[in-house]
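Written below as structure tokens is the structure these notes are about.
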Amino acid sequence: MRVKRKSNFIIGILVSVVYLVYRTSNVFIVKPFFDDFDSPAYFDFQLYPSFRTHGITAVFATIQNEFLIALFQAVIGSMVWIYLWIVIMEKINSNILNALFTISYFIFASSSIIVEHDSVMLSESLSISSTILLFATTIKIIGASQQISSKTFYAWAFAYVWFFSTKTPNSVLMPLIIAPLIYVFFVNYKSIRMKFIAIITLGLSIFSFASSLSSDVSKTLNTAGTIHNRLWLDDRWRDELLLSGYPKFSHEIWLEHGRSDLGVPPDQAVVNLPEYKKWWADEGESFLIKFTLTNPDYAVFGPVALPLLNPTFTYKKTLLSGWSQGTDMTFEIPGFKNSFLQRTIFWPDEPEKAYLTLSLCFIAIGLSLLVLVKYNNKSFFYLIVLTLFYTFLWSYFNWWFGSKPVDMTRHNLAAAIMFRLLAIFSIFYVIDLIIRQKKRILIR
């Protein structure tokens, strides 16, 4: 037994080192990508009000150097993916399944769609890392056979705050999660220290939520983008928009700046109009919220089946496009031409195969849930269901309030990753569960 543990430890160290070297080496052979429009704001840390979230701006503003930021993101990304691998391995008893899971897991974790963002001066890399850490610590808590240790709780609390501080849509989920948190950590746990940490965690999360809604800069740009990429193209939606006092000529301004480089992006050109600013002050700030609430067909079916509401739209303007294909920066950005990263089998390049892969992931998750119900495994059933629920809701928020076609894959990348990760995790976990149940029957 001691020899087996030692060999497993050595294998774990080797696998971790190989992945860390693989991921960080890409940073040395590509040129960091700096988006002239979006990236500068991430280097400007503002406590309150803030345009960009603190979990990103604090890091970028502190480090400043683009290469060092890329290296930092690669190291952090490697560490959280390795940690999640260790956590899941603890839940699988079969050595064969552990080996197969490790191969599948690191092929997925090595995909260009995940690793390429380490060298991008935007929020995706750290946002993905925070999501992975939160998922890992949640598994650790839910899968605990007894009351969790203080270290596990502190890791989860950190992951929770970090997750909400990396993207605005992340922080929007906070009000929906506070209630179960209060119940779990104030009813089930008696430790004064843990309750104190829980209070600090909730306080920081509330501050992150308030801060993410404190600046009109992002909201005005997202509203303009959503209007001209989507609402303007449907007669009924456009009429409702114009009835609210929206300046009709703004669409021509948007088109002109889209056709030619006039020094200002199309959305910003519209936002700069005095007429838009007046509309924003009168009706615009709450328009998208009111529109979404009063058009339930748009709110429910639009994000995933927009062509069913209006045949002139394509599925490229839906979340299905973002979830299925992922980003492609390794092949699109000149500075990444030396990269050795590959999309891998989990991210087919052809749209049809990409949609099929996503469908297979949902099928795998669905079948796994049926197995968990059969064996009355409530903890992991709720883990998967709640993760799916919050991931869907998170993506819906993105689509309702900001995901333009050009940003659909990038804005919803964390969700696309989570769907595949849930499929991989659930398949191996339920197969191991079935094997364990069969062995128990044979022993009896």
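Numbering starts at 1 and runs along the chain as displayed.
Cβ atoms are placed via backbone N, Cα and C, with glycine included.
What TrEMBL lists as transmembrane segment is 9-30 (among others).
Annotation comment: TrEMBL describes 67-88 (among others) as transmembrane segment.
The transmembrane segment annotation in TrEMBL covers 95-115 (among others). Counting same-chain residues at least six beyond the ends of the transmembrane segment (95-115), those with a Cβ under 8 angstroms from any Cβ of the stretch are 15, 19, 22-23, 26, 74, 77, 81, 85, 88-89, 128, 326-330, 339, 341-347, 413, 416-417, 420-421, 424, 428, 431-432, 435.
The transmembrane segment feature in TrEMBL is assigned to 171-189 (among others).
According to TrEMBL, the feature transmembrane segment maps to 196-213 (among others).
Taken from TrEMBL, the feature transmembrane segment covers 354-373 (among others).
Feature annotation from TrEMBL assigns transmembrane segment to 380-401 (among others).
According to TrEMBL, the feature transmembrane segment maps to 413-435 (among others). Same-chain residues lying 6 or more positions outside the transmembrane segment (413-435) and placing a CB less than 8 Å from one of its CB atoms are 88, 91-94, 97, 100-101, 104-105, 108, 113-114, 117, 124, 127-128, 131-132, 135, 167, 319, 322-324, 326-327, 346, 357-358, 360-362, 364-365, 367-369, 371-372, 375, 377, 380, 384, 387-388, 391-392, 394-395, 398.
Between the transmembrane segment (354-373) and the transmembrane segment (67-88) there are fewer than 3 Cβ pairs closer than 8 Å, counting only residues 6 or more apart in sequence, so the two stretches are not in contact.
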